[in-house]
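Encoded as structure tokens, the structure appears first; notes follow it.
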Amino acid sequence: MTPSRTLVIDDAVPYAKELFSHLGNVISLPGKEINTEHLQNADALIVRSRTQVNSALLEHTNVSFVGSTVVGLDHVDQPYLKENAIEFYSAQGCNANSVSEYVITNLVNLAIEKKFTLSEKSLAIIGVGHVGKLVEKKARALGMTVLLNDPPRARQEMSDEFIDLDNALKSDIITVHTPLTKTGQDATFHLLSTDKLKKIQPHQILINAARGGIIDEQAWINTPTESNIIDCWENEPNINPDLYNQADIATPHIAGHALDAKIAGSEMVYRALCQHWQISPDDSWRRFLPPPPPPISLSLTGNHQEDIHNVLQQCYRPEEDDAAIRANNIVVTHKKYEYYRRHYPIHREWPQHRVIKTPDPTFNNLLYSLGFQLI
């Protein structure tokens, strides 16, 4: 018989009760409100990014497992967990596809709006990990010239496919996808510093859908660019109003918030906890998942970029997120910022979308390369 256990779970973790209830008693609480008292009888703690997991929270509790359903790690004191034999699992890569789709969707939208062709542009990816690799794959499918900057990978792989940061900053479009670190040889805090941003030219496009603080925001404000796409902010939920006003697209750290990314994070932590307690996973929770979106039908224009834009507009529209935060004045209202993130509208990732095959085999192959199902 399975011993009685208690799990305290951030109530923003999707499908928490459906996934975890067979493992024990599930207590769902707002992540920012979880405190030591709530954990007195808890065996496991499952969080997103709003709970600071450290000695102040866990000391004098019986928590033996901490799971984070998001990829960021700066809310978890990992040395403390290790020193106290508390197992930690983070759902690394769970939202990588969602973030890559956010970046590519915005680039396609910009190309249509500003009347340029993506296949004629160069894209530098700063940080080629879970997200960067998927951005690379999608950008190459669209015919872009892709340049890669990732010093740790360059050293480890001894590969000449990577370039240094100064050369990467010469690209038409620059997107950052590193973790946020403040120490070590490859620290990324203010990686794009005042000196680096002085190299940026007015025709370039700059994107941050990684972590706030990788780009020095005060320097960014004084950097003339063609366009800025910003999802991550240095002091969020305090959004820099000057930078916000310079952004073509400004969103409240939701690039990784596609429903499928959240589900993946929940499931990854669930399976890790099952392994920790040596319990067989139960897949019956899947019956609660929503059905796939309706099929997408398309009338081709003959221009692949325009046709891809028409498909993507039926999947997710970042301009609607931008309009929502501007209409609600989220830039100066912390509660609205958090509310929008917690009540984020559902959208699905491209692999969940079915597109009816078109008469153009080349375009069908492009859709397949981007991850769509063809029917």
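Even glycines carry a Cβ here, placed using N, Cα and C.
Per Swiss-Prot, the feature substrate binding site maps to S49; the stated evidence is sequence analysis. Cβ environment of S49 (substrate binding site): G31, S68, V70, G72, H75 lie under 8 Å away, each six or more residues apart in the same chain.
What Swiss-Prot records for D150, T178, D231, G256 is NAD(+) binding site, and it gives sequence analysis as the kind of evidence. With a cut-off of 8 Å between CB atoms and residues at least 6 apart in sequence, the same chain places I126, G127, V128, G129, G132, F162 near D150 (NAD(+) binding site), listed in sequence order. In the three-state DSSP classification, D150 (NAD(+) binding site) falls within coil.
Sequence-distant contacts (6 or more apart, same chain, Cβ under 8 Å) of R211 (active site) comprise G72, D74, T178, P179, L180, T188, C232. R211 (active site) falls outside any helix or strand according to DSSP and counts as coil. The active site feature in Swiss-Prot is assigned to R211 (among others).
For E236 (among others), the entry in Swiss-Prot reads active site. Within 10 Å of the C-beta of E236 (active site) there are 18 other C-beta atoms, taking all protein chains into account. Secondary structure at E236 (active site), taken from DSSP and collapsed to helix, strand or coil, is coil.
Secondary structure from DSSP puts H253 (active site, proton donor) in coil. Counting Cβ atoms from all protein chains shown, H253 (active site, proton donor) has 21 others lying within 10 Å of its own Cβ. Swiss-Prot lists H253 with the feature active site, proton donor, giving sequence analysis as the kind of evidence.
The two recorded residues, E236 (active site) and G256 (NAD(+) binding site), have Cα atoms 16 Å apart. Local packing around the binding-site residues T178, D231, G256 was summarised as the count of other Cβ atoms within 10 Å of each Cβ; on this measure the leading residue is D231.
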